[in-house]
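Chemist: Got a structure here, written out as structure tokens. Questions coming.
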Amino acid sequence: MTSMQKWLRIGATLMFGLFVAYLDRSNLSVTLPTITHDLNIDGATASIVLTIFLIGYAFSNIFGGVFTQRYDPKKIVILMVLIWSIATVFVGFTSSVYVILICRLVLGITEGIYWPQQSRFASDWFSDKERTQANSIIQYYGQFLALGLGFMILSPLDAAFGWRNVFIITGVIGIVVVVPLYITMLKKQEEAPYYRAPAPTEKTKLTLESLGGTPSYSLFLPTSLKGCCSGELRYGSPWLSILSAIPDSVKHWSVLCLI
């Protein structure tokens, strides 16, 4: 695989996948006013619907880094995209708040597991000099493009076709576009030029200590507190700040499992 092919097959493909992932998590923010009106959801329940994604994301993100050490990241990202895309489509067909809650929780869990796999692709396929740029393209370009363009894409869809079709369309894109694209374009981990097979070690129990111990806590807790304080300015609500800061901290914490 040439250098250009590597950037296209790995970098651009994962960037597009993350773009779709952020559309799937943003679609609720766009359609929530219509959903609450159609399903008679009160404000308290609407808050739970919004935050349950973050709960699933926070807890599963920790284990995403562990999975990168044990399984081929290609298999993990394909499976996660397929599961959360199906869950997203289900939202478009239901009138039950409980089903929406379950689907959003599934979305949070699967996207939390998905995120650390991107770092594994960057470390396996790109040299030390290329890795910073690769991580930027894979992890952040797609994210910021979705944040910048997401509302411009989703809002017209909501206005033209209704909230149900927004979820169906974004979910179907994952199933019929992203999953086949990943199957075709991404390579197996063993084919990566910088892949290093893990040295055989004794099996240990999965504990908080095995996930990083004190160094991880010292990174996780201050980052969470800082995020809570700065989030007050961004969101205007201390509780929403806490719920948004902790998953973001866990995301970076999980990457420590790769080191």
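The backbone N, Cα and C atoms fix where each Cβ goes, and this holds for glycine too.
Automatic, uncurated: that is what TrEMBL annotation is.
According to TrEMBL:
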DOMAIN    10-259  domain 'Major facilitator superfamily (MFS) profile'
TRANSMEM  7-23  transmembrane segment
TRANSMEM  43-64  transmembrane segment
TRANSMEM  76-93  transmembrane segment
TRANSMEM  99-116  transmembrane segment
TRANSMEM  137-154  transmembrane segment
TRANSMEM  166-186  transmembrane segment
Chemist: Out of 7-23, 43-64, 76-93, 137-154, what stretch is closest in contact terms to the transmembrane segment (166-186), meaning most Cβ pairs under 8 angstroms?
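Modeler: Answer, by Cβ pair count: 76-93.
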Chemist: Under 8 Å between C-beta atoms and at least six residues away from its ends: which parts of the chain pack against the transmembrane segment (76-93)?
Modeler: 14, 17, 20-21, 24, 27, 67-68, 99-100, 102-104, 106-107, 110-111, 113-114, 117-118, 163-168, 170-175, 178-179, 182-183, 186
Chemist: Average pLDDT across the domain 'Major facilitator superfamily (MFS) profile' (10-259)?
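Modeler: Averaged over the domain 'Major facilitator superfamily (MFS) profile' (10-259), per-residue pLDDT gives 81.
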